[in-house]
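Below is one structure, written out as structure tokens; the observations come after it.
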């Protein structure tokens, strides 16, 4: 008689404990190779969901087999598991394994359905609320992602609730904003408060602030920005003409054209809100620092759309910069953050669950980077960016403007723009010698290369040749799903319909992992640092952009800035959005052992070593810096988009 011992790692839904139960199963004949294990659960009168991490089987000859699960067993269900060795479709020879693979995908495709939330958007999950999602991708505690609860709690923690009864009243002056500003010693936010008026601080944020993705080298002054040499001569330091400075690569531009024609928030009839679509020209001075030299607040030149300059009256120039900062906030929130990390990552997640079975090596590789992404996006659609949601309370792009922005921004959502080194080069921002203080670029390249090296190592373990890549029907279905449903089948997006080489696959996987981890971290977790000082990132403006020079007063600026109530909602939002999840898992941390093979575990160890070296480099660089840059330090990059 042979004895097979099974050990299952289970945890209850209610207690969150992880007791280990051991079961002995006795059989009278040799079972041979164990291909599948079936777990059945019977339903009782009370909720008794179980989370099964894995099952370990000890065979009569003393071998151990791991059967990973990492799924919830709910109601009266059964789960059939394969052992932990990753297999491509071509590796399955028996009919029972092929059938198991096919049934798993058929079941998942019924649960993970595509749905259009708004015309022109990437498709999202077909669920109206978080509670409708498959149990396996829900948050353990729904209260933890309740935006209303979190924002209210944040405002209590920041002691700003006392201003809410004066919701629509203006602040008195800039010093009045300090009354709601929470000072945490040695933070970037306090430094911003002290230096936000300075041209250096304004320019620096285009490189290393919350939205370091819009600045590009200017190769030609656009006709819609009729800047002359006479206007900017006093700002240039090299005794060159403006055209010569452009040729030498010293002029940069940020254009908010996408905001042109977007409707401002009209949800509150008592407060008229305004948007602008500025163009900002910047200059690399002799210290190689980026500073603004010209700002036009609209896209069409004319007498009522003046070009503001550093040589103008103090308040003229300051208000022009405030308008740019407000426009930058809208681009950051809706395009850089929502579309290009959250919505894109959800596309990757849905396609993965629909087309890659749990036994597939790419599922095992990608699943840690999809953790809670569909859940956080569903909750956002439920409470935050829905009609009459929290987004409407403080933002000038609320009430539908953010929807228009995403629809317009889809034309620029290309595959190459998600390839970090390629996008940096396309913007002319790749030279460390020319632009030495672009830490977002420097750290991003390091993390990109570490991820790509890891992806290549895993690919070469399972794909012996390019031919094997071509033959992987599940991989090809995954790629096709992303192209057809995520990018809406738009050829101009540049997203591949198929992948035919290991090299292309490595880049594709790097795009996915980098976007869901590093890119999101870079543009999310600095929100409190850079946006908590309201004048530096106004979420709305209550007076229209100035149409002439020499008329701006301090009173006009304060009246343009958000009122007390909207300031409080904004502060609560940027605080809540900047916090890590409880028990956050950072890049390189894979506590769920989906992979059991030694070569992959060695690849993971190498990946962690590379990441540790990047952390050390960044830590050393940041020593004694008044403005440290740490958003792309791997120990601060969560594995997935989960907040």
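Glycine too: its Cβ is placed from the backbone N, Cα and C atoms.
Note that TrEMBL annotation is computational and uncurated.
Annotation comment: TrEMBL describes 48, 49 as Ca(2+) binding site.
According to TrEMBL, the feature Fe cation binding site maps to 337, 342, 520. Residue 342 (Fe cation binding site): 21 other CB atoms within 10 A of its CB, across all protein chains.
Per TrEMBL, the feature site 'Essential for stabilizing binding to COTL1' maps to 72.
Geometry remark: residue 49 (Ca(2+) binding site) versus residue 72 (site 'Essential for stabilizing binding to COTL1'), CA distance 7 Å. Taking each Cβ in turn and tallying the other Cβ atoms within 10 Å, the top scorer among the binding-site residues 337, 520 is 520. Note: the Fe cation site is recorded as 337, 342, 520; in the same chain, 336, 338, 340, 341, 345, 519, 523, 524, 641 also have Cβ atoms within 8 Å of that site's Cβ centroid.
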